[in-house]
Amino acid sequence: MNKTLEQAIHIHGARQHNLKNLDVRIPRNKMTVITGLSGSGKSSLAFDTIYAEGQRRYVESLSSYARQFLGQMDKPDVEFIEGMSPAIAIDQKTTSRNPRSTVGTVTEIYDYIRLLYARVAKPYCPICGKKIEAYAEDQIVDRIMEMEEGSRFQLLAPVIRQKKGQHKKVLERIRKEGFLRVLIDGEMHEADEEIELEKNKVHDILVVVDRIIVREGIESRLADSIETALEVSGSTVIVDTLDGNYKLYSTDYTCPDHDIAIEPATPRSFSFNTPMGACPVCNGLGSSRRADPDLVIPNKDLSIDEGAISAYSTTDGTYYKEIINQLAKRYDFSTKAPIKEAPKAFLDELLYGTKKPLNFTFDSYFSGKKKYSGHFEGILANLDRRYRESHSDSAMERIEPFLSDIPCPECHGARLKMESLVFKLGGKNIYEATLLPVSDAIDFFDNLEFSETEKKIADQVLKEIRERLSFLIQVGLGYLTLARMAGTLSGGESQRIRLATQIGSALVGVTYVLDEPSIGLHQKDNAMLLRSLRNLTDIGNTLIVVEHDEDTMREADEILDIGPGAGVHGGYIVAQGNVEEIMQVEDSITGQYLSGRKKIPVPPSRRPYTDERIRIYGAAENNLKGIDVEFPLGQFICVTGVSGSGKSSLVNEILKKVVAQQVNKSKVRPGKYKKVEGLEYVDKIVSIDQSPIGRTPRSNPATYTGVFDHIRDVFASTNEAKVRGYEKGRFSFNVKGGRCEACKGDGILKVEMHFLPDVYVPCEVCGGKRYNRETLQVRFKGKNIADILDMTVEEAVDFFANHPRILRKIETLRDVGLGYITLGQPSTQLSGGEAQRIKLATELSKRGTGRTLYILDEPTTGLHTEDIRKLVDVLSRLADKGNTVVVIEHNLDVIKVADHIIDLGPDGGDGGGRIVATGRPEEIVQVKESYTGQFLKPVLE
């Protein structure tokens with residue numbers, strides 16, 4: 001490799017997506033930040049060109065046999081790339097949704113903890129809690145020889161412990177093996193006596209193997225006697241010092257008081273993904289899907305006749321209805337009264353089963369009148385049974401909304417067999433150790449005490465555990481527990497976990513491509529993350545980071561600003577250089593914000609408070625400490641706090657679900673809280689996240705916003721369409737009639753290439769236009785329906801200027817900064833930020849009541865400061881109409897324009913869950929304990 005290639009990655013002629021034939025030089029072993037507006041081409045360069053080519057080259061180096069098992073990436077549209085090293089992408093899209101994945105398993109820390117517990121943890125009796133020791137024969141000899149010289153004792157071999165019976169065969173065997181004495185229930189007997197034991201009484205039988213006086217030279221005899229005793233008993237020998245004291249030694253783990261034997265542990269004993277370790281009831285999931293009383297009766301203000309029991313309200317026939325009526329009669333309860341007034345005994349029998357049989361006649365759907373006599377199993381058991389036994393997908397789908405995950409009754413969420421949970425280190429079993437926040441877990445493993453032998457065994461394993469835990473702390477995840485399910489992590493958290501794993505692997509010479517690692521991270525933890533990124537370049541790796549965070553840009557060795565606009569207006573390099581050089585470039589919007597020439601202004605005044613507010617009392621979900629919270633309505637509210645402080649628990653698990661359940665009548669189960677007030681002031685809740693607007697290329701901005709319906713109406717009303725008899729359905733690419741049948745309206749065809757990547761080619765029949773020739777002959781203002789789908793939003797605003805219904809919807813798309821996307825752009829090609837703004841635009845275009853609650857979780861993800869300015873304008877418009885906007889956010893540009901802030905903390909995990917400060921931004925900065933206030937202060941000045 002020549003010197004220039006060693007120093008940089010050279011990209012020539014990059015044309016992927018909207019990139020305009022770029023030639024780029026990216027320095028190796030440095031940190032390069034790629035920034036620019038949302039949709040400008042950052043990900044197209046970083047992920048779809050650089051990473052895709054690095055990955056493709058690696059896969060191509062493998063045999064064709066191996067290649068067919070690997071998901072191959074398409075060859076990016078680029079002339080060539082030189083100086084490339086193996087590439088690893090750490091993005092936010094690959095979060096594991098497997099319920100068996102936890103933070104511990106994903107980081108592989110749990111594998112080391114399993115090994116540690118298998119090698120040095122000691123079992124404790126599950127009944128009395130005493131430590132159970134296992135001894136080798138030599139150790140037993142050594143322990144006995146430590147007794148005072150001259151001490152007398154007898155060696156006993158227990159053959160029966162606390163068992164009923166006459167035990168004649170056991171006594172006969174003792175005689176045959178030549179033993180002379182036997183201790184039965186504390187009394188000494190000659191072995192050749194005729195011994196009659198009571199059949200129904202529990203007995204202890206111990207064989208006297210030897211009587212010995214402690215003195216020098218008896219080691220050989222003692223060892224032989226111990227060996228004999230262990231053979232007779234199986235694994236246990238008792239030293240009886242003849243003064244009423246006994247000492248039990250076992251080569252197995254057996255409790256001396258309760259005769260409970262514990263199997264020696266292996267690493268697999270602590271794995272909830274193998275039959276050896278997994279709880280047999282929940283199969284290692286820690287929870288099971290069961291009918292939930294709160295979902296069966298979600299609204300207790302309704303009567304039975306009004307459908308309070310939602311699980312049965314749509315059931316055909318009268319069978320369940322009659323059961324409910326009969327039970328209501330039994331307890332003299334009216335089915336017209338609110339179910340919250342029902343007697344407890346009635347609800348108990350209804351949900352959990354009847355104590356006395358029911359007798360009634362009902363109209364069967366299949367066989368007319370039918371008699372019923374018997375006990376009713378209860379709604380919960382009935383739903384559980386029908387769900388378990390059903391072979392019909394539709395029947396299971398009907399029952400699914402009434403089920404929720406409840407902790408397993410056997411392992412209580414620990415996921416492991418009881419036999420595995422008796423092993424403890426430092427007073428904690430393996431599940432209890434994984435419940436500690438990472439920051440506390442380091443202290444726990446540091447303070448474990450071991451014998452010299454155990455120390456030698458544990459040292460290397462502990463070193464690996466400590467290192468990996470410290471990497472998690474370095475990337476700002478000290479508040480997470482190792483038992484936390486991977487599926488509950490945010491995109492930013494899962495990305496930083498994978499970053500911590502990469503730091504731990506200490507690879508050298510790799511190109512890392514990262515997607516906004518600062519997402520979800522409070523400014524307080526940002527410096528720690530940047531140090532971790534710098535560590536990767538220091539050991540000889542190249543870092544390419546797609547990022548908008550100002551601190552990250554200032555830390556970077558090189559900044560690549562792509563723009564100047566988004567979509568067709570982007571794909572050019574506007575500026576490249578260090579932060580000072582970028583700030584000098586007049587055309588760079590990034591440079592304008594970095595230099596302070598452009599900024600999002602602090603509003604001159606905040607919206608006035610009213611008496612209308614939602615109050616939540618006793619919020620205690622996850623780490624929330626039973627807090628009382630007020631959300632003033634008609635305001636733009638920001639919920640802030642460090643990572644893990646409880647923001648999502650409060651907003652997504654409690655506020656969103658309470659309002660959805662009680663206002664939208666959704667079948668969701670809110671997190672723990674005592675009561676809520678003020679819901680009468682809200683008539684709708686809308687949650688706007690960054691999930692795709694559709695999973696297939698058939699979904700696009702025109703179909704999602706509903707504007708395509710109106711456009712099809714326009715085409716159906718043209719003279720040409722009327723002459724041909726075409727109706728609105730003719731202009732849909734989803735149904736037969738107007739679409740091209742060769743590609744079924746997709747416009748593209750997939751060609752499978754087996755051990756090469758699948759190739760997508762435009763349909764030869766329609767040329768990628770989705771419609772058949774006859775449909776495309778219908779024109780409106782010179783354009784056919786395919787031309788309309790290829791229009792950008794900006795072009796469509798001018799084209800449909802005289803159609804108010806269409807114009808209102810596409811103008812809001814333009815207003816949220818999406819003027820560059822085409823109406824027919826497949827949803828699979830939209831970024832998360834673009835999808836979120838399409839949802840926002842759809843809501844904006846509706847005629848609202850001014851009583852809607854909007855909830856957004858980190859809406860600035862993927863957004864440049866200029867995009868954030870547009871987003872803030874849109875959210876402000878929603879609040880101006882009297883709606884309430886609640887945003888979980890770390891971005892100071894959003895926080896500073898809020899009317900009201902709820903700051904949680906002070907720290908993450910167990911150190912959070914409290915309200916640190918609430919009020920106007922100007923009030924928050926006065927609170928010294930608020931980390932958010934400290935960082936907000938300079939922004940407000």
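Glycine is no exception: its Cβ is also placed from the backbone N, Cα and C atoms.
Just so you know, TrEMBL annotations are computer predictions that nobody has curated.
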Given ranges 227-254, 255-282, 619-646, the stretch to which TrEMBL attaches the annotation zinc finger: 255-282
For G641 (ATP binding site), the three-state class that DSSP assigns: strand
Contacting positions for the zinc finger (255-282) when only residues 6+ beyond its ends and CB under 8 Å are counted: 100, 105, 111, 113-115, 117-118, 121, 123, 125-128, 130, 132, 134, 161-162, 235, 246, 248, 288, 408-411, 414-417, 419-420, 422-423, 430
For K647 (ATP binding site): DSSP state (helix, strand, coil): helix
The one of S38, S40, S643, S645 whose CB sees the fewest other CB atoms within 10 Å, among these binding-site residues: S643
The zinc finger (255-282), counted residue by residue under DSSP: helix, strand, coil: 4 helix, 3 strand, 21 coil
Those residues of the chain, 6+ apart, with a Cβ under 8 Å from that of G36 (ATP binding site): K42, D561, I562, G563, G570, V574, T590, H864
Number of other Cβ atoms within 10 Å of the Cβ of K42 (ATP binding site) across all protein chains: 27
For G36 (ATP binding site), the three-state class that DSSP assigns: strand
